[in-house]
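If you look up TrEMBL, you'll see 319, 323, 533 marked as active site, charge relay system. Among the features that TrEMBL reports, Ca(2+) binding site is placed at 575, 576, 594, 596. Under the heading domain 'Peptidase S53', TrEMBL lists 235-616. Annotation source TrEMBL lists signal peptide at 1-21.
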């Protein structure tokens, strides 16, 4: 079994302190660095325990602000002479490493407070320290409280914190303090939403395949008759996905030179036994892949491979199973890596992961950005309301996504399952209670590709069992690659929902894929799930196959997709013109011809995407 056990990526720097390094509080004059409102789902439950350990992630000011994003824009634009000239991890490190002054001043501040062990990222732009909450309160001149979520979970947070005045320009962010960000799976097919039956595996052989079109060897083209024969909207199989999106006849040519990845959070993992049953049922030739894909554990992430009653009761690993089963069934035999990151109790406390303190996206980013080799495509099916996340935290996470893109990695995220916002929740979190649409993060980051959800066939439409997540960021400005397209869409709305959204913000989703009733195996049984959780890994797997076609001809993977898509590759997508991103007690945004804030530019057509990938921008002797 391919299993790699790794801790978080921060290297440990030991600093032995003498008597001269005792804390000197009078040395520093503090002022407030950041304040953030407590999200509605959380209530204060008293003071945090002073003795609890907390892992503070300190984001130092990077050099050359905006340079990575400039490189990313250039190397991802098919019309630019640098298209495809992706950066290396070492290139990025040399661009962003903080100045010597920043490193010295922050180090001095920590040592003056008796901090004896400091973890550093390879670029030295993140410091990590593990201290009792009492020490964190002294360091940040704050008071940590215990906050309880409406689901019963608790965290220790400080909604306001301070820094010495001279460090404000040297430190961007310290977490966990103000962030209540919890990456939630974008899936509507389980828990209270699970209306469908669970079937024993024998059901497929005796009944299921006769009901839901097991015609693997009969239909190998994407015409209406083929889709009708192999697809059933209430039970979407891999054969259906591969037929609808045109990959069923494609055999990967150089899988050993290609790669894809997914992420797990919230103690989720990818069950190998369930995945084997799924592949044996729906793509038998790929069954061995269930035990050969890699699982990398970061920050004491869970990877329990048995089926125990408590996991069934908690609906645990549905998300992990959906992601791995969708990706392997479409893009096999391309190697897959699952990155599992710890991020909610219970933990095994250690130097990197004390209890109740993890900010999982930071932990995951710090790990992957330290690696020299990463998958060419990475899909994530988690997100949260943008306004629950402090600006400083969201910007640094989004900057990390830009670093991945500049290295030639396609980063895809589910767009969400609540349309423009869940009914009854659409109020600002700043104390003013302003009625507004609620964009989701990280889908709202301009350096990722956000994937919306569709349903049905002939025609394919925006999903309506739930609403495909969509909207306009209140934090990130509209990037240049989409400006012309989005401004035209906004104009076409003729004032619809004016005042409820930010017309100049990053708009999403960018693309879409099926996400209504995908077949999976979970707990040894066949069932269906839905959500843009299904859409993102599906689209990612198809891009993986496009990369295979490119690599086979000596060309480079696509990398960051959006400039390529918005500049012309959108013509390789099937436009979805029916449906809306309803929510916030409104009809939301409408689907229409061209890009829309429901399904973006639409769903993939593999043959057309391959042709678009080869069409232009690939030059300088790569053939």
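The first residue you see is number 1, and the count goes up from there.
Glycine residues also receive a Cβ, built from the backbone N, Cα and C atoms like all the rest.
Those TrEMBL annotations? Automatic predictions, nothing curated.
Listed in sequence order, 262, 264, 270, 338, 379, 381, 533, 537 are the same-chain residues six or more apart from residue 323 (active site, charge relay system) with CB atoms under 8 A from its CB. Same-chain neighbours of the Ca(2+) site beyond 575, 576, 594, 596, judged by a C-beta within 8 angstroms of the site's C-beta center, are, in sequence order, 577, 591, 592, 593, 595, 598, 599, 600, 601, 602. Of all the recorded positions listed here (319, 575, 596), it is 575 whose C-beta has the fewest other C-beta atoms within 10 angstroms. The two recorded residues residue 319 (active site, charge relay system) and residue 575 (Ca(2+) binding site) have their Cα atoms spaced 27 Å from each other. Taken residue by residue with DSSP, residue 533 (active site, charge relay system) is part of a helix. Figure note: comparing Cβ neighbours within 10 Å for the recorded positions 533, 576, 594, the maximum is reached by 533. Restricting the average to the domain 'Peptidase S53' (235-616) gives a pLDDT of 92. Residue 319 (active site, charge relay system) falls within a helix when secondary structure is assigned with DSSP.
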